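Working notes, beginning with the structure itself.
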Amino acid sequence: MTQPSLSVLYSDHLRTLTARADQALQRGGFDHLVIPSGTTHYQLFDDRDYPFAVNPQFKAWVPLTRMPHSWLVYTPGKRPTVIFYQPFDYWHVVPDAPSGWWVEHCDIHIIRTPEAALPLLPARTERCAILGEAASALGACVPNNPAAVLDFLDYQRAFKTPYELAVMRLAQQLAVRGHRAAEAAFRAGQSEFGIHMAYCSAVGQDANELPYGNIIALNEHGAVLHYTELGRQAPQPLRSFLIDAGASAHGYASDITRTYAADAGSEFQALIDAVDAAQLRMGNAVRAGMDYKQLHVDAHLSLMGILHDFGIITVSPEAALATGVSAAFFPHGLGHLIGLQVHDVAGFAASDRGGRIERPDGHPYLRLTRVLEPGMVVTIEPGVYFIDMLLDEVKKNGHAASVNWDRVAQFAPYGGIRIEDEVVCTDGDPENLTRPVFAAP
């Protein structure tokens, strides 16, 4: 079956965005939506700039991610206007003129200086909802970020359009290409730095283009949840490899994690296999009407069941959860919304009018508390780790007898396990965006 082109999908996507913007502006009492792309920031006491990070609200409308000093203006009933910054500059590469599937749907004005945008922006700035950072202010056009507008737009961003799902699939394909190269580099005995370079080369993106810093962790480093140090020497012996790495496509992110054992016949490989099977079951529970908080709690029980089966804990999964022992082995949340941002916005939103759904007690790092609905894309990333400081807390809290410390000592040199896919909630069965790409030849 032929898939619609990105041009067709983008046209429908834009209709969805304008409808959302119409309602958001009405709620906030504004006439115009104005979104700056962002500005260049410089390092303290230096003339070196930081890598540019585009305003996510801007790239929701147009797939431009490296365009500081540009603007998006939308007035209900009119086509969106893109003010495109293309400076006269012989120090840097100047952006090419706008092109691609999106240009026919927008009115485009090219400017040569940031200040040239001012006469192209709405004159009555008090009638504008201006979404951006304070540094993007230009004359009287100062970001005000009205809550009524942001609450509505952020909440609705959880529901992905077919265009968004299409480009997120592209981000999956790029990341899986990198994951395959990274595993091959691991099997070849490369260092963390070498594996990272193999990943970037395969994806075709450098550290500034990737949606987040690669986590490339060998052996015990897998116990550091956000390990980003990239050792230059491979440890000996080489036991395990945890990789958490994504890719960017037209402003959208992918976020994938895999764990590998150097010895496919080891008990650690068996533990990986058990977590992998549990992760698939968790992904299959991503269904409309399911409370993500419950998925997170169920994940704790499932993982503790595995640890009990492997003789790592001595108490029931329910007891491990109730006493906090489970949090020592699985200290982060099950996952989060993903899209324009890796940790996409409004994960705690009670409604499109604001409010907050709190995390369950004892789970301070869960990033999503909403009830799942069709169109949401979430990560499912259970993990089991052997983290000294957290296991020491188990002892201090009087629960040492709940853990088989000899078994912990056997697994600790491997660091930990995390497996992460992206899953779409639909009206029926969930769609795993990640597994089919790995399964493809």
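Just so you know, glycine gets a Cβ as well, placed from its N, Cα and C.
Annotated Mn(2+) 2 binding in Swiss-Prot involves D244, E420 plus, out of the candidates D255, D263, D406, the residue D255. Per Swiss-Prot, Mn(2+) 1 is bound by D255, E381, E420; the candidate from H221, H226, H336 named for the same site is H336. The two recorded residues, D255 (Mn(2+) 2 binding site) and H336 (Mn(2+) 1 binding site), have Cα atoms 10 Å apart. Calculated from their C-alpha atoms, the gap between E381 (Mn(2+) 1 binding site) and E420 (Mn(2+) 2 binding site) amounts to 4 Å. Within 10 Å of the C-beta of E420 (Mn(2+) 2 binding site) there are 21 other C-beta atoms, taking all protein chains into account.
Each of D244, I256, T257, G335, I338, T379, I380, D421, E422 belongs to the same chain as D255, H336, E381, E420, is absent from that list, and has a C-beta within 8 angstroms of the C-beta centroid marking the Mn(2+) 1 site. Those same-chain residues not listed among D244, D255, E420 yet with C-beta within 8 angstroms of the centroid of the Mn(2+) 2 site C-beta atoms are I215, A245, G246, I256, T257, T379, E381, R418. If you take the Cα of E420 (Mn(2+) 2 binding site) and the Cα of H336 (Mn(2+) 1 binding site), they are about 11 angstrom apart, rounded to a whole number.
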